[in-house]
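Undergrad: Straight from TrEMBL, here's the annotation block:
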{"type": "DOMAIN", "residues": "1-245", "note": "domain 'tRNA methyltransferase TRMD/TRM10-type'"}
{"type": "BINDING", "residues": "Gly126, Ile151, Gly152, Asp153, Tyr154, Val155, Leu156", "note": "S-adenosyl-L-methionine binding site"}
Amino acid sequence: MDIDIVSVFPEYFDVLNLSLFGKAMERGLVTVRAHNLRDWTHDVHQSVDDTPVGGGAGMVMKPEVWAECLDELLGIPADAPANTDADTTTAPDAPVLIFPNPSAPLFTQQDATELSHAGHLVFGCGRYEGYDARIPQYYRARGVDVREYSIGDYVLNGGEVAVSVMLEAITRLLPGFMGNAASIVEESYTGANALLEHSQYTKPATWRGMAVPPVLISGDHGKVDRFRRDEALEKTSRLRPDLIAHLDCAALDKADRKTLIALGWEVSGAHPRKLG
Ligand code: 6GU
């Protein structure tokens, strides 16, 4: 996977040399280039932003500088007409252009999975109050798959942190990135019936007077699985009832239904419904 990141703080991405990501780069699984947006400016001040049209606080990133940069990284001529180059989206290794944006849909595990199949990702990090809305529009109109995502309901100073979050969620799904593929399958938010993951324990069985749940050392795998599933259902019902409400009732087994009913859910429809 080829990754380009554009930012006014490209050094922020030096951290990618560490840990699993650094190893994946060494092994050639991913190639990351972090670019400085200011390299595409022509003025002495290397300015990348301007005041908002219509008034308001802060500064907005200018479209001209971004476009010179993105034309180059995406391989699109500066005079490319709109709506004619439909090929770009159908090519298997067509780049996907991603802008972190606090006013966009939430980035989910499903997005991470989808993007892990792309051959080339280009991330554009906005700073200040954001970027000119015509930038994503322009590239979309030229057949580029453009995505805008928020990583949660809170405000960050810029897109850099959000890009590193998305990048980690995406690249850890690449075949060969992680040692243990099975650990991906069992995680929270994975698959159609996403639940929070059950609690984990390691040895010793009793630590500072606290025993692990006895069933986990019973050797009965069926009972262990059921215990973990019930704990996941209980924890999800308590902390993320929105995830329970999205479950597919047809995919629940009898024991799941019994547990959910005991937790105050009604499970006779297509999706569970909280009672009371
Ligand atoms: Cl993607 N960007 C910024 N600046 N703030 C955020 C965000 C993104 N997602 C949540 N907050």
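Each residue, glycine too, has its Cβ placed from N, Cα and C.
TrEMBL entries are annotated by machine, without manual review.
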Undergrad: Can you tell me which of these binding-site residues sit near ligand 1, meaning the Cβ is under 6 Å from at least one of its atoms: Gly126, Ile151, Gly152, Asp153?
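TA: The qualifying binding-site residues are Ile151, Gly152.
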Undergrad: My understanding is the cutoff is Cβ-Cβ under 8 Å with a sequence separation of 6 or more in the same chain; which residues meet that for Val155 (S-adenosyl-L-methionine binding site)?
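TA: For Val155 (S-adenosyl-L-methionine binding site), the qualifying residues are Pro102.
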Undergrad: Max Cα distance spanning Gly126, Ile151, Gly152, Asp153, Tyr154, Val155, Leu156 (S-adenosyl-L-methionine binders), Å?
TA: 17
Undergrad: If you count, for each of the binding-site residues Gly126, Gly152, the other Cβ atoms lying within 10 Å of its Cβ, which residue has the minimum?
TA: Gly152
Undergrad: For Asp153 (S-adenosyl-L-methionine binding site), which residues of its chain lie six or more apart in sequence with Cβ-Cβ distance below 8 Å?
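TA: Non-local contacts for Asp153 (S-adenosyl-L-methionine binding site): none found.
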Undergrad: Ile151, Leu156: which of these binding-site residues has the highest Cβ count within 10 Å of its own Cβ?
TA: Ile151
